[in-house]
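Q: Here Swiss-Prot flags Lys62 as active site, proton donor. Taken from Swiss-Prot, the feature substrate binding site covers Asp11, Lys33, 60-69, Thr117, Arg177, Gln185, 205-206, and the record attributes it to sequence analysis.
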Amino acid sequence: MRSSPIICALDMMDITRALEVTKAISGKVAMVKLGLEFFTAYGITGVRQVIELGVPVFLDLKLHDIPNTVVRAIHSVKDLNIAMLTIHVSGGKDMMRAAADALSDTNILLAGVTVLTSIGGDDFIDFGIHESLESHVMRLVGLAVDAGLRAVVCSAHEVGVIRGRYPDITLVVPGIRFNSGVDDQKRTKTPMDALSDGANYLVVGRPVTQSPDPLAAIDEILRSIGVH
């Protein structure tokens, strides 16, 4: 049996519910993701509470600031024994290199966020970016690789082309859905689509966290991708 590629996003404000879900799905997921909502509400203390349950934690802070500020932020969390941390690739090579250097003495996987899955082609027009979304994502992935990052966060729509050019990079894919609703994310695909294209990790949130039975929801997801 292959290991679970699922990362469960605990994007909720209620730490009690977050801990309940984490306990329920322990052993069925690769990691749980704690994002900005959770971190601003519960901070390092809340992260520690989740880590103590024994499930690897992906701290999704999407850091984006001048290099020194990002490095100081990383030093504040690097001793938490988290599994993965995110920064924005658009912060630039200097910021990414500084972040990678700050984590060089740890086993934390630093992942660069390319373009948020809530962003679509119309947004690029508003931003004044005169290239396709896919071309821009590939440009950002190239910058991340040049800066020494070994992982990026991208939409499922870019997985295939990224995997074709960078066969060794770790691809973390949000925007995974099981029905036609896309919520606040525009660039979505099914789990099997993303895995077939070369994704390493799939980030799934609401289908699990809003289920009355999170364990059953995870089991259904794993069955759908052939992991039992």
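Here the Cβ of each residue, glycine as well, is placed from N, Cα and C on the backbone.
Note that this is a predicted model, so its numbers are computed, not measured.
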Q: Tell me the coarse DSSP state (helix, strand, coil) of Thr117 (substrate binding site).
A: coil
Q: Among all chains shown, work out which of the binding-site residues His64, Thr117, Gly205 has the most CB atoms within 10 A of its CB.
A: Thr117
Q: Rounded to the nearest angstrom, how far is the Cα of the residue listed as 'active site, proton donor' from the Cα of Thr117 (substrate binding site)?
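A: Pair distance, Cα basis, whole Å: 13 Å.
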Q: Can you check what DSSP calls Pro67 (substrate binding site), collapsed to helix, strand or coil?
A: helix
Q: In DSSP terms, helix, strand or coil for Gly205 (substrate binding site)?
A: coil
Q: If you count Cβ atoms within 10 Å of the Cβ of Asp11 (substrate binding site), leaving out that atom itself, what do you get?
A: 17
Q: For Leu61 (substrate binding site), what is the tally of other C-beta atoms lying within 10 angstroms of its C-beta?
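A: There are 19 such Cβ atoms around Leu61 (substrate binding site).
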Q: Among all protein chains shown, how many Cβ atoms are found within 10 Å of the Cβ of Pro67 (substrate binding site), not counting that one?
A: 18
Q: Measuring Cα to Cα, how far is Lys62 (active site, proton donor) from Asp11 (substrate binding site) in Å?
A: 14
